[in-house]
Amino acid sequence: SSSTTNNPRFLMFFDFDETMISENSDDTVVNLLPNQQLPKWLLDSYREGHYHEFSGKITAYLAEQGITKDALLSAVQKIPPNAGMLDLFRFLQSHQQDFELVVVSDANTCFIERWLEHNKLGHLFRKVFTNPSHFDDSGRLVLQPFHSHSCPRCPDNMCKQVILREYMEGREKERGGVGFQRVFYAGDGSNDVCPTRALGPQDAAFARRDYPMHKLMMEMQQSESTEIKANVVPWVTGADIEDYLAKIMKER
């Protein structure tokens, strides 16, 4: 469809791990190991703010232990969606003319593409922003950082706020200078707070209740921090997000 005839009113970003799916995809693949845990030396190598580097060490170790590409992808595609998420995506699909959907995740292309494909959801998303990955000749999943940035709050390989701002600016240009009426962001983790700084007072940040994003945002609200302008909407299931969006739809 040409950009002039189909300009959805709303833009919605989704995190992947523990937001769209019910667990962290890295934990899922670690469960493929015979004793379902990583050795202490590997766990001890984790450095704060370098989770991406740590993920790469996990996939290298899995390959060394004989965990195949097929086993990895099969485990990922079987991860259940979070409660109510498939219903939320059905709702969004039925209002496709109103919502443009984007994934912003610190996971990787192989995992997200496989999961979306398996759940027949790939067509709903205009774009997936995540760390590039590929299987090398030895069957190891190799991860690359998404980008470099200068945000002091975010992990080295990804600042989701930078992604949101660049995407929204680019889309506004493509849409002939027309921005989105409202922007929504759904997440759960501490790295999902930074992107909500790109949202305005009309927008909403869906923070998974009692997860790091929610706790941090509640603290910011209590300290009367002015950094977050968006409405913070806690969610437990996809139904909570759907209810909020359905109300917005009625405000035509």
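Positions of Cβ are set from backbone N, Cα and C atoms, glycine also.
Those TrEMBL annotations? Automatic predictions, nothing curated.
Residues annotated as active site, nucleophile in TrEMBL: D15. Residues or ranges marked as active site, proton donor by TrEMBL: D17. The Mg(2+) binding site annotation in TrEMBL covers D15, D17, D188. As annotated by TrEMBL, substrate binding site applies to D26, D106.
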Near the Cβ of D17 (active site, proton donor), how many other Cβ atoms are there if near means within 10 Å? 22
Name them in sequence order: residues not among D15, D17, D188 whose Cβ is within 8 Å of the mean position of the Cβ atoms defining the Mg(2+) site. F16, E18, T19, M20, N24, S105, G187, G189, D192, R208
Compute the C-alpha separation of D106 (substrate binding site) from D15 (active site, nucleophile), stating it in Å without decimals. 8
Rounded to the nearest Å - Cα separation of D26 (substrate binding site) and D188 (Mg(2+) binding site): 16
Sequence-distant neighbours of D188 (Mg(2+) binding site) in its chain (C-beta under 8 A, six or more apart): D15, D17, E18, T19, A207, R208, Y211, P212, M213, H214
Take the Cβ of D106 (substrate binding site) and count every other Cβ within 10 Å, whichever protein chain it belongs to. 24
Which of D15, D26, all recorded positions, has a Cβ with the fewest other Cβ atoms inside 10 Å: D26
